[in-house]
Amino acid sequence: MRNVQDSEKEKLNPKSDWLPTRSSQQFNVIRRVYQQDALNKDANYQVPEKPWAYRCKKVISNCGFGECLINSLPIARWLPKYNTKRDLVGDLVAGATTAVMHIPQGMAYAMLAEIPPIVGLYMAFFPVLIYVIFGTSPHVSMGTFAVACLMTGKVVVQHSTPVDVVHVVNSTISEGPSLLPAYSPIQVASVVSLAVGLMQIVMWVLRLGAVSTLLSEPLVSGFTTAASFHVMASQLKDLFGIRLPHLGSNYKVIFTVIEIFKNIPNTNWAAFIISVITCTIISLNNEVLKPIVSKRSRVPVPIELLAIVIGTLASTFGNLKGVYGISLVGKIPTGLPNPQQPPLELFPKIAIDAFTITMVTYTITMSMALIFAAKEKYEVDANQELLAMGASNVFGSFFNCAPFCASLSRSYIQYQAGSKTGLTSVVSSLLIVCVLLWVGPFFEMLPRCVLASIIVVSLKGMFMQTQELAKFWKLSKLDAIVWIVTFLITLLINIDIGLGAGLVASVGALFCRSQKPYTCLLGRVLDTDLYLDIKRYRAAEEIAGIKIFHYCGGLNFASKNLFRSTLFRKIGYFKDHDQSDEDSNITKSDFEWESNVGEKVRCVIIDATALSYVDAPGIRSLVAAQRELVSSNITVLLAGANGPVLEMIETYNSLESDRLQLDTFPTVHDAVVYYKMIEAKKDAAITITT
């Protein structure tokens, strides 16, 4: 026996050697064997009820004017608490840095949307100010983005008329009824922005923020990667300084590459040389200089801005257009545009394309916002983001803006530059106004090949997403297939068709997963109440006469036949004993019950601890399986079902005459012990009778 001194030492030193380690600690729990009904009675189980009076009271309390105002206007929450000493410097630096990037990217990406470059600067001002008021992410840089502008450009090309033709057609439209009104590219882009904004507001009203989850990570990755090739293809004509004929909307990448090879003899070599030099300098900066500068300064080298300034000066003093025939950006008006109503009659024609742009822009923006929210540990309201983007797009549509979106590259730069709050976007917008009011005409002599070079180099990060295919392949073959399908169809056919194909592939992947849930037979581990997969745990041994079937997933109309066939196959009742254990496509006609089956298995316990949902057809499959097993003198027990599943079974039994009548237990161990007790009583009764 230990003496008192030893006991006192052990109290002072709880980690004494005689104490068991954490992995060897044992707990003896003594309780009765519970059936589910008995446990419900002892634990006072009741279905949660929410009376209409309670629900109405909660809705009214949550919809108070003050609370509604704060929730709908996040700026009213963070602006009064703004800490000048802590946040102002970071916001000013980040705002100035982002504005510098907005200028070249805005002008370049506007070309993707087939609209004048100045519109890209409008998009960095008008909708961004509205987003500051309604948005919940202070770190995303809203404005132009390559994929969104490219998708808008597709609609603009389909429904617009060149600017020089618009005036002629509209001036002569009254001369004959056969002439239709012509729309400028800006008008088409603005009505697309209006349509996208209205759709996002409708989604906000319907609380459909979670709809973006339909666009899975493999889908978004494959789609944006393929879209980057469309972006690059659209810039090849400016990189080579050649003119291409109008190409159809489908197979555009393929046709563009073919036309480029055909027109190589017509290459403007001056434009090509400028493109090569610009791409090389920007790439060297990004790969070599930027990592060095980032260690010493939060502000990166504004290489894109330097490129357009130097390109403009070279074009002005070298007369590149007159000497070499290089295409220039052209007329850039000063001042802010007057508000104009978009042509609403175009709305029905562009509605489908607008919905596609709505989904893509919202998903990309939310993805970026959630990345920064996870890093800085704050919440982003998915539904509020719909309101923010919707209101911004609607407002911007009256000022010639195209649909806007979060930019991946600008957002990362803005975050690294020290952005703290939405004031960063305000600073950036004010600097953009200075460019719009006074600096705009300076860029009229900018060669288009310089902007094309900036776009192509900025696509490197999106091209690198092709490496994610290897990751998806290792994690899940289905995810890899979704990526491949989305990428190939988007690349080879068209953007909207590729997105639709990706959605179908994603839904198909979900269906395939639901058709092959995780199932196994459980065995007991030593003398414990732990029951584990006998294929994965060698110490787990099946109990004689008892089969414990574990099913993970939902049991519904789509998986009912699979559940039943897998259950029979796992417990060993099928005609062809040579069938593969992985083959789950067995129909009822494949089963042939053996005459001595009751001597092999006397009890089947269905472990429903991982059964997430069950519907009426699923319960019918349980009824059919139980009836077939009971006909062979096999007891069927249900263990571990959660409350909603049990409530669904109870509701089903109250409505259907063909009821599911089986004993239910809170745990597998309760079911095992209960069955052993019943068998022991039967054996005792037989012995007494004998």
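Glycine is treated like the rest: Cβ placed from N, Cα and C.
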In TrEMBL, of the candidate ranges 305-329, 605-629, the one given as transmembrane segment runs 305-329
Message = Is it true that the transmembrane segment (421-439) and the transmembrane segment (305-329) have 3 or more CB pairs under 8 Å, sequence gap of 6 or more?
response = no
Note: vs the transmembrane segment (111-134), the recorded stretch with the largest number of Cβ pairs under 8 Å from 305-329, 350-374, 386-409, 445-463, 484-511 is 386-409
*Have the transmembrane segment (305-329) and the transmembrane segment (386-409) got at least three CB pairs under 8 Å, pairs 6 or more apart in sequence?*
no
Contact set of the transmembrane segment (350-374) with the rest of its chain, CB cutoff 8 A exclusive, min separation 6+ beyond the ends, reads 136-137, 139-140, 142, 145, 147-148, 151-152, 154-155, 159, 188, 191-192, 195-196, 199-200, 203, 211-212, 215, 220, 223-224, 380, 382, 385-386, 389, 403-406, 408, 411, 415, 495-496, 499
